[in-house]
Each structure stands twice: as structure tokens, then as C-alpha cells.
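Reviewing the structure listed below.
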Amino acid sequence: MEESYLYIIILSVTIVLSSISYFINSSLVLRPISRKLANAFLILFIIHCTIIILTRFFYSEYVFIYLGLPLSLFYGPFLYISLNALTKGKDSESLIGFSNAILHFIPGIVFFLIYVQSVFMIDKLSVPYLVYYYLVLYVAQAIQFMGYALFCYIKVGKVTLENHSRLLILRIVWILIFMAMIFVGLVSYNAIPNNDQNIIYIGMFCYALTIFQYYVQRLKNSKIVENDAAVVVEIKSAELTPEVEVVQKYEKSKVNGEHLEDYKALVEKVIIGDKFYLDSGCSLERLEKMTKISKHHLSQFFALQYNSHFNAHINKLRVEFAKKVLKEKKYDITVTELGEVSGFNSRTSFFRAFKKFEGMSPSEYIDEQLRLNNK
């Protein structure tokens, strides 16, 4: 096959991989804002690839239609708001402001409106206009890709994320950097009008392949048959210590009854009211910043008020939430998804906490509830 048609193979495979990723993502039972954003991006990505194939194949004489298409300017903003959604906790819908998000899409929207107007006047476009348009567009894409890539690279090292989500973000970051360098090269060597652009399409293929691998791994995890002997880790001896010892440790606490009530109002507003316990990055340090109560006093509060440690109390709330989700979903949800939406960082920690508070694994609990409901 001639090299000029290599783009058909590259972009066709890219479309197939993106479509499979979309259907896998859509098949997941629970759909937090991060997955809705992923679906929106995949639709945009598929449309982008499809337009390039159709215009290059049927309207090859109008190179501006595919060379000037500015949909790449939406890649960075989607990555940015998706990372924010992943790091804002499970109630992300209320934490990601629409006005803040839309600001990141303004450059892409402006360029797209200019592009549409230019397409309608395509036979009247002058060479100087095209040169200026390509220069501004490709420089903007390079700067934007590099900027969002660096921001996400720095942020992903500072937040708590599941390993597979962290790896996905980092891979996309490096792909964006690669594509930014390509855009710079095209501008530097004045190669935009004559360039075959297959190397950019390879970058788009890598983008689709990375997302596809992520969702295939999620699908595999969802289909794993849960086996206590394989996944339940021994609970440390410290976790087996009777909770009464926690109270004994702070029996001479300086936190009096009046402060306990004040602390309770503050702590429960954050943990329960704001659903902080469902945030996978929930920690005593973050709670200290959010409530302005010192860690030492918080530890005393949990011991005296709940007869428990902070982590144990949070895990108990998460397990109760998981049971509620199971009931709402009529037990039609994978254990992996259930643990994730309940705020746990891994399936192992979910199993360990669930078994500690319920005396059985999540899969055993589901089987038991289904058996009771069928009686």
C-alpha cells in the first residue's frame, strides 16, 4: 500500500480502539463524573479521526479541512478536568465548577469558530492567511500540550490516585509532550502544508492505545473471581487490638465534653456532610487542614467519641456505604467497582476492611444477600 494511504490504517485502528474503550467504559455500572468525561473525550476523539479520514480521502485537494482542524486543542482541557475529577473525590459533580472548566475550552472553541468560517470561504483563502493560521494553530497546540502535560505531571505526584489511573495519566502526559515536539518541528521546518502528518497520527494512535489498555485492564479486574485465600491479607496485630485500648490511651485527654461537641459538629460536617470519607485521598492530615483541629486533638476526638482510630472509623463508614450501594444496585456490581466507589485505593484494602467489620468478604456477603432475597 502506498505510503500516502498509511493514515487510513493508523486512524482506522485508532477509531476501533477508541470505540472499544468507549463501550467498555459505558458498560461499567457506576459512572462518576470522571467516566462521563472520558466518554465525552472518546466521542470527540473518534469524530476527530473520522473527519481526517473522510476529508483526506474524499476531499484531498482541500488540505485546509484536515490540516486546520483545531480539535486537538480540546485534548489538554479534557485531561485537566478529568484529573481534577479523579482527585476531588467521589462527589466530584459538585466540586468541579462549570465556569472554571469552560475557561480551559475557550481557545479550542474560538479556533473552531474561526475554522468553520474559513471552511465556508475555503476557495477565497489567501496563502498569507493560511500560513498565519497554521502558524498560530500549531504553536498554540504545542504550547497547550506542553503546558497541560507539565501541570498534570506535577499534580499527579502530589495527589492520591489508584495505580492504574496514575499510570494512565503519566502515559498520556508523555504522549502529549511527544506530540508537542512534533508540532514545534512542523512549524520550525515550515513543513505543515506539505507534511504527510502520519507521525502526528501515530501520536493519536498511541493515545488511543494507552486508553484502550487501561480499560482492558479494568475489564479484566472486574471479571476476576474473588477468592479470599488469594486476596485477603492478614490483618496486622495492631488492628486486632481491642478498641477499648484507644480510649485508655486518651483517658486523661485535655479535650473536654464541650470541645467534643464542637469537634463533632466540624468533623461530621466534613467527613459525612461533604462525603470526605469517600475520597480515596482521605487522611488525618487533610482533615486537620479542613477542620483547623490539630491532629493530636483529632486523634483524641476519634478515640473518645467513636472509641476508634481515624482509619478504622473511615473504613467503617466506607463499608456501610458499600452495603448501601449493593442494595441500591440490587447486588449487580463487581467487587472491584464497589471498592473503588466506596473510597478504597485497592481491592485488597477493601477486602480487609469489609472482612473486619462484616466477618466475611464482599463476594461472600453478596452471595449471602442474594440467597436471603431468593428465599
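Cβ atoms are placed via backbone N, Cα and C, with glycine included.
Residues annotated as domain 'HTH araC/xylS-type' in TrEMBL: 283-368. Residues or ranges marked as transmembrane segment in TrEMBL: 6-25, 37-58, 64-83, 95-116, 131-156, 168-192, 198-216.
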Among 6-25, 37-58, 64-83, 168-192, the most Cβ pairs under 8 Å with the transmembrane segment (198-216) come from 6-25
Any residues 6+ beyond the ends of the transmembrane segment (64-83) with a Cβ under 8 Å from its own? 34, 37-38, 40-41, 44, 47-48, 51-52, 55-56, 96, 101, 104-105, 107-108, 111-112, 115, 118-119, 122, 125, 130, 133-134, 137, 140-141, 144-145, 147-149, 151-152, 155-156, 169, 172, 176, 179, 192-193, 197, 207
Over the domain 'HTH araC/xylS-type' (283-368), what is the model's average pLDDT? 87
Let me spell it out: take the transmembrane segment (37-58), skip the flanking residues so only those 6+ beyond its ends count, and list any with a Cβ under 8 Å from a Cβ in it. 7-8, 11-12, 14-15, 18-19, 21-22, 25-26, 65-66, 69, 71-72, 74-75, 78, 81-82, 85, 201, 204, 207-208, 211
Under the DSSP assignment, what numbers of helix, strand and coil residues are found in the domain 'HTH araC/xylS-type' (283-368)? 65 helix, 0 strand, 21 coil
